[in-house]
Amino acid sequence: MRKLVILIILSIVCSLFIGSIESVDTSKFKTCKDSHFCKRNRVSHEVGVMNEMKSKQNFNIVEGSIKLVKQENTIYFDLQEQNQKSNLLTMKLEIYEGGIVRMRAQEKEPLLNKQRYQVQDVLLDTIKTVPIQWKQEPSKQSNTFSFKHGEKECCYVLVQLVPFKLDVYIMNELAITTNSDNLFHFEPISDKPQPLPPKEKKSEEENKEANQEEDNNNNNNDNNEEQQVSTEGYWEERFGSHQDSKPNGPMSIGMDFTFVGSSHVYGIPEHTTRLSLKSTTGNGINEQPYRLYNLDVFEYEIDKTMALYGHVPLMISHDTKKTVGVFWLNAAETFVDIEDVTTPVSPSKKTHWISESGIIDVFYLTGPTPSTIFKQYAYLTGTTALPQMFSLGYHQCKWNYKSEDDVKQVDNGFDENHIPYDVIWLDIEHTDGKRYFTWDNNNFPTPADMQNIIGAKHRKMVTIVDPHIKRDNNYYVHSEATSKGYYIKNKDGNDYDGWCWPGSSSYLDFTNPEIRKWWATQFGYDKYKGSTPNLYIWNDMNEPSVFNGPEVSMHKDAKHHGGFEHRDVHNLYGYYYHMASADGLVQRNADQNDRPFVLSRAFYAGSQRIGAIWTGDNSAQWSHLEISNPMLLSMNLAGITFSGADVGGFFGNPDAELLTRWYQAGAFQPFFRGHAHLDSRRREPWLFNEPYTTIIREAIVKRYSYLPLWYTTFYQNTLNGAPVMRPLWVQYPKEANLFDVDDHYLIGDSLLVKPVTQQSCKTMKVLLPGQSVNEIWYDVDTEKPINAGVIEIDTPLEKIPVYQRGGSIISKKERVRRSTYQMRDDPYTIRIALDSSKSAQGQLYIDDEHSFDYKKGKFLYRQFTFKDNVLSFSDASNKSSTSYKPNVTIEKIVILGVQKPHSITCNITGKEKLSFEYDSTLSKLTIRKPDLLVDTDFIIKLN
């Protein structure tokens, strides 16, 4: 009977997700007006209390509290809310290497039994403060003081005492102001008030006076509204049928930041709006603020500020003079308002950040260029983990491949249709009743053999492992987790019990490092029976998703390690789960020398150090194909570079044209995976017949040919944090016409891509940037040179608009193979596109494509330079190993935009004279079979 009840409940829950795929049910998810902490903080046009809030929220620096502790490179002072005698805050100001300013604020003397959560494990251990110098010392005669970097001129900070305000100056120009609108808000930790004792019976006269007072209050609508905003939801809060007990009461924080001189801000992924973030308030705009709260949104809508699966609280501002940023280090639910402000002097972007709990911990990234912003953010949170080469190939996924025979047929289908691919994926149905680390023995009786058959072709398999653990005492993971007390607790201290795919489920507390270590051991070959070294992992549902929880997630009053509530750590949960899973893949091998591959849906700042991310449950609609580019660009700006969107759309059934265009777009996005819902029809690349099979094959083959570029660009990210997929303005920061462009993008600094994302598109306009520097672009298909500017092109179905920048040198591998492994020893083709000065340069990175040996110097990082008709090839890094000598050659060199030489000579013995072909129509020179080793320096002269 109990099993029947469970099945009925599961069918109802699943129908909510599987049956309704037209659009997301927004009633299940909160907006600012549903979150009392947001209403209390927000300068709301709905309530109209802006002036009242401003007058109440002034914070002042306490006189005599300012001190510079040189041993700590830190300035301390106390803050006190105006007209308040208690609830002192303490603030710390620091400058870090690279010109990063940090501001932290919390209670000076919090209650002994309560504490605020401070984000752990996101910042790198290597970050260091630098000495601070007074620029203007504090004094009784002045309402301001200022300080600067003690070792170099990059920026300085001006602090106003009454009311508190902090301004960041870059190159002596005001860049970011803090609390200029007096929206600094800090709800002090307090104990819940005890109910008042029963009142004695009042006299008739006292009752009359009380009634008259109540009438007077009711007549004052403004006061009633303000009181409602100020006090509602302090100690409990309801949403739908769910109650949040809020045992710690109100603990929200807020702050405003204005980006001076800016009209464009970017970042704070993940949302479905355009790359340049839209205003949510001011000038008659009535939008919900951007929400940052990781949620399982089973089908999302376009152009919405609602929360999705992962978030990074980083905002970047860019104008023609500077690029700056704010990183708000807080893991609780957060809202961000954006407002355009235009003054006679310059535009500005005002932003208001509100979090439910935690401390104020803000990093000011002072830039002042795009490249320095990326370096500064990477300095704090790290760069992208260098992926294995196979993970940059094509991945084939479906919910679900039904059996070992089904897997075999799909695998053979790629070979029969001559389409390369690297990874086949298994969704939740491969398990024994959604018990992860197990197999459905009826359909997958010999999983190790299945993986070995795939592995014999040098391909990989990925299985899904979600964080919800089926509550079954016969399931070893659950029984051990229960006995060790490893589950998150509910508000009453019992193991949290929620519903997900397995039915009744509990959730491990990954904020506890002991539990993360234990989880990592579950991936050992002795624990994960049937797994092999060819098996990698997919983490889904890790926001976390709880079907019967508030907003399809966990109750905020659930209890975590250290006594913190789930509300404090929510946005870190998926990050920690992703981390523990990746650690498990490393530790399962004795030598611990295999780079992990773990795809995650949830993410936070620092997730780039762990593995790949995808944009979640999109739909087979043209609008979802179109928005995938802005979404991925936003993620790349925030460090999440190894990211992609499900090709074809997860929900629904794309027609042949949409699927083809999506493959073409996905081939030029960092993570390239086809995926589909359980109820979607099969859509393997060959199922739509001709001409679609051929065109899709060509798109995938083109992806594989550019893998040396992708791999090199990912390596360069490990050096400088630069996005792999980047907006045009990153490369051309002074061209204001590019600041809104998000349907074109660059791969590294070399390829410009504008995917076709409109149905029945026959022609389209392409914006080729760089007019101010006389940039030249080359169509990669026709090889014709095109001057920078707007052009109109034909877009037949087989056309992918891709252009190589003049001045770049790209390495390719053009032999078609089954998978990336077979390409390892293939020779390179070098494509040189000359700029208007007849020069070009580029890099090539090579290692063993799978291990951590590159960290020991076992790699080649090579530099190509073409100038004055001379091509030189040399080491681009003094860290390359002199002993690492891959037996790989260069078999062809193509130079575009060059005059025909009389002869070509090389300084390598036996290669002194090289043969060539010349196409005068294209000004194209081809050197065939130079057969030069990639580990050897050489010089080629065009005479």
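A Cβ is built for glycine as well, from the same backbone N, Cα and C atoms used for every other residue.
So that you can see what the record holds, here are the features copied from Swiss-Prot:
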- 1-23: signal peptide (SIGNAL)
- 186-231: region 'Disordered' (REGION)
- 198-211: compositional bias 'Basic and acidic residues' (COMPBIAS)
- ASP540: active site, nucleophile (ACT_SITE)
- GLU543: active site (ACT_SITE)
- ASP617: active site, proton donor (ACT_SITE)
- ASN878: N-linked glycosylation site (CARBOHYD)
- ASN887: N-linked glycosylation site (CARBOHYD)
- ASN907: N-linked glycosylation site (CARBOHYD)
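The secondary structure of ASN887 (N-linked glycosylation site), as reduced to three states from DSSP, is coil rather than helix or strand. Comparing the glycosylation sites ASN878, ASN887, ASN907 by how many other C-beta atoms lie within 10 angstroms of each C-beta, the top residue is ASN907. For the residue listed as 'active site', the spatially nearest entry among the recorded positions ASP617, ASN878, ASN887, ASN907 is ASP617, judged by CA separation. Taking all protein chains in view, 24 other C-beta atoms sit within 10 angstroms of the C-beta of ASP617 (active site, proton donor).
Over all protein chains present, the Cβ of GLU543 (active site) has 29 other Cβ atoms lying within 10 Å.
Among the recorded positions ASP617, ASN878, ASN887, ASN907, no residue is found with its Cα located within 10 Å of the Cα of ASP540 (active site, nucleophile). If you measure from the Cα atom of ASP617 (active site, proton donor) to that of ASN887 (N-linked glycosylation site), you get 43 Å. A straight line from the CA of ASN887 (N-linked glycosylation site) to the CA of ASN907 (N-linked glycosylation site) spans 20 Å.
Packing around ASP540 (active site, nucleophile) is summarised by its Cβ count: 25 other Cβ atoms lie within 10 angstroms of its Cβ, all protein chains included.
Rounded to a whole number, the C-alpha distance linking ASN878 (N-linked glycosylation site) with ASN907 (N-linked glycosylation site) is 22 angstrom.
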